[in-house]
Amino acid sequence: MTANLLDFDLEGLAAFCEKLGEKRFRAVQLFRWIHQKGASGFDEMTDLARSLREKLPSVCAITGLPVLSRQDSADGTIKWLFDVGDGNAVETVFIPEDDRGTLCISSQAGCAVGCRFCSTGHQGFSRNLTTGEILAQLWHAERFLRKHLGKTERVITNVVMMGMGEPLQNYGALIPALRVMLDDHGYGLSRRRVTVSTSGVVPMIDRLAQDCPVALAVSLHAPNDALRDVLVPLNRKYPIAELLDACLRYLPAAPRDFITFEYCMLDGVNDQPEHARQLLALLKGHGGRGVPCKINLIPFNPFPDSGLKCSPRSVVLHFGKILNDGGIVTTVRKTRGDDIDAACGQLAGDVLDRTNAASRLSQRRQQTEQPIRFVHTAKEKQA
Ligand code: SF4
């Protein structure tokens, strides 16, 4: 079978070249052509020996993902839908800002975690992406953007593994992909500029600290286990205290001296002042000394059948003020690309679900009614 060179980190490519009787420096040359210069064929690799250039097409290829569609937002955000075969498609989003260009990458076709507020979670799960499919999103986007913007230098400065999927449930493919992003012969991104976002796969957070520590973002979304059990079902397996312990263990290896906690603001569900005070007490007090952190409040981006609403802006700001006043730096995420459904939590390619997500969803919606009613009752009492 023809190997896809996007599947290899530098060590993997060196091993592949060795089998062909080629020295390591040839692997470095190939790697730089693919990831630094965006080459898609061997003919353009002019510094490779002609004999090698002629040999390579019979044993390997540089195979990107077919693009099903591209959408450009009025605010400059770009979303691609990539075909990953068998009726599955995944989404990738580029978010330009004045001082950076961030690419949000998918790690799975669908997601098995099934968070209550997430469009991908509602679609169920089909399969893990390969290393090559994860990297193909970056490889394609960088090539496209350089051409589109007429640039020769790198356009993508930051990568966030926050697209479709739980990256730490696809660990084996994730780690080589991260290594290519960080490799000076690859994309050369600093560890601080590559972020893995997780819903809290505790054992894999520990492994990430050992294998490839990059910036860590944790999808928290609730200040107590009762509510988080409903919003992020993985919490039943790894409750908040275990998750925060893992965060504390991660910090010594992390490139930043804090963990980012993501908190999606859901109207009447997790957005009350009492929730903010609980969150403050939890994060300031855990383990006796608290967890060094920042909090990112994400206004919920509604999608069909979610049954949830975004908290009013005034509620989001008040929630953030309680946290900031309490000593935790808290920001509100700017919504980008909402005219093309590219905002956080809205990514939903096409997923051939293998997980019976629809019936799990309806069960979970019934469970979610409880906290929603509870909070509304409390609000009514205050009124
Ligand atoms: S928020 Fe992340 S972990 Fe949760 S369902 Fe969506 S993609 Fe999966």
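Don't overthink the numbers, they just go from 1 along the chain as shown.
Quick reminder: no glycine exception, Cβ is built from N, Cα and C everywhere.
Features of the protein shown, as given by TrEMBL:
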ACT_SITE  Glu91  active site, proton acceptor
ACT_SITE  Cys344  active site, S-methylcysteine intermediate
BINDING   Cys111, Cys115, Cys118  [4Fe-4S] cluster binding site
BINDING   Gly165, Glu166, Ser197, Ser219, Leu220, His221, Asn301  S-adenosyl-L-methionine binding site
DOMAIN    97-339  domain 'Radical SAM core'
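There are 28 other Cβ atoms within 10 Å of the Cβ belonging to Ser219 (S-adenosyl-L-methionine binding site).
Cβ-based neighbour count (10 Å, all protein chains) for Cys115 ([4Fe-4S] cluster binding site) stands at 23. A distance of 13 Å separates the Cα atom of Leu220 (S-adenosyl-L-methionine binding site) from that of Cys118 ([4Fe-4S] cluster binding site). Closeness to ligand 1 is met by Cys111, Cys115, Cys118, Glu166, these being the recorded positions among Glu91, Cys111, Cys115, Cys118, Glu166, Asn301 whose Cβ falls under 6 Å from the molecule.
DSSP classifies Glu166 (S-adenosyl-L-methionine binding site) as coil under the three-state reduction.
For Asn301 (S-adenosyl-L-methionine binding site), the nearest of the recorded positions Glu91, Cys111, Cys115, Cys118 in terms of C-alpha separation is Cys118.
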